[in-house]
Every structure is written in structure tokens, then in C-alpha cells.
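A short worksheet on the structure shown next.
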């Protein structure tokens, strides 16, 4: 059990997770060393609305001036992270919640001044993750990072990909509410970069699946070898640890 697996769970999925999801995490833990990264978009947007702070997005990234970053930090590192940790522990999964600024876990480079406190992962302090795992804890990471002693928001997909690449993880698992990529009503079990481009061009991949596959492609570019898009509301893990869904690699596809 030397291989790492990184599981990314978007904020919109956190309230949909059922017993099946936690059973799948237990199965993964029997085969791999597990790290979880979570988002929190819906809860952040709701809190910003409560605070009467307008939200602007550019190219899918939330524009994050200081007052927005304060709310992002409060939600991601506070309520969202701790609720997820408590839910894992309710299902007998020992977990430790932390953010990318704890122990300088996630160091970032700012994306641009125009979008404020938004960063991309430049360095991962893997020793912290490995230490927690060696003590039989699952690290549960809120995707914020640091740069020059300032806190930055990180897209959860790219945070998970950065962590997976730094750990040389066997796989990055993207938890969604769909079974994977469907083609003519059938699940595409394996695909690659070129086939995904064809699927998008032909309209096979549309709507909410497009950002999911774009996240998978971005992860490949960051050095992750394999990404699986799975349905977190169903049993997505074989007893062997293999995922049930769509697996994206750089190699030749087998549909």
C-alpha cells in the first residue's frame, strides 16, 4: 500500500454524499494512501450574498479582492472543512482537516492582479501529508494557499491536481453527480486527450461535463497520470480499488 490516491470533491457534491461514498473511501483506503481535497463554491457564494458582497467571475475564476478572500477563507477553512471532517469521522474514517496555509502546505503564484487573491499551486509540502497518513489519518484539504505571507484562493481542481502530481499519485478521482462521460447512452470507460477534444467538437460532451473534462486535461498537463470521473452518489470503487466511471489518460483510448 505505497501508492497515493487523491480524491477531489466539489462543494456542490458535499451535501449529496451518502453512506455509499464513505464505504468507497474505506475500500480505497485498504489499497492506497488517501488524500481528499474539497471545494465550497455554493457555500461561499451564499455567504458572500449574506454579506452583500457582489461576486464577479472571469474565465470561470472568482474575482477575489481582500473582502472576498476573507469570506472564502472563513467558509473553506471553517464550516465546509470541519463539516466534511466530521462526516468522515461519523463513518469511522479518521480525518484531519487543514488548509494549504497550514505548515506551508500549498504555496502559490498569483494568477493575475486583475482577479485578486487567486493563485496556482507552485509547491506542495508533501512531508506534512505523508506524516498525517503515516499516523493513519486522511488529510482533508481546503484549497487555499500562501504567497509572501498572504492567503490566496485556489481552484479546487487545480489544487487537487497539484497535490496529486507532487505525490506522484496513482490516480486523481473527481467526484461528480454523473456516472462519467456517456456516448450514445453508454459509459465511456476509458478515453484520452484527443478523443475528448473530438467528443466536445461533436457535442458528445456538453454542459456541466465540459469543465469536468477540462479539469482532467489540466491535471494531465500538471503530470497526473490518470484521472477518473465518477459518480459519488453510487458505488464507484471495485474491491480491488479500481474506479467505476470514465478514466482519462494520455494513452490510446479503449472505449
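Indices start at 1 and increase along the chain as displayed.
Glycine residues also receive a Cβ, built from the backbone N, Cα and C atoms like all the rest.
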Among 58, 62, indicate the single residue that Swiss-Prot lists for the substrate site containing 40, 41, 153. 62
Do you know offhand how many angstrom separate residue 62 (substrate binding site) and residue 212 (site 'Transition state stabilizer') by C-alpha? 17
Cβ-centroid neighbourhood (8 Å) of the substrate site, 40, 41, 62, 153 excluded: 11, 39, 44, 45, 72, 75, 76, 155, 156
Whole-number Å value for how far residue 8 (site 'Transition state stabilizer') lies from residue 153 (substrate binding site) (Cα to Cα): 16
Residues that sit under 8 angstroms from residue 8 (site 'Transition state stabilizer') by C-beta distance, when 6+ apart in the chain: 36, 37, 38, 39, 156, 157, 160, 172, 173, 174, 175
Using a Cβ cut-off under 8 Å and a sequence separation of 6 or more, which residues in the same chain sit near residue 40 (substrate binding site)? 11, 14, 72, 75, 76, 80, 142, 156
Note down the number of other Cβ atoms within 10 Å of the Cβ of residue 41 (substrate binding site), including every protein chain shown. 17
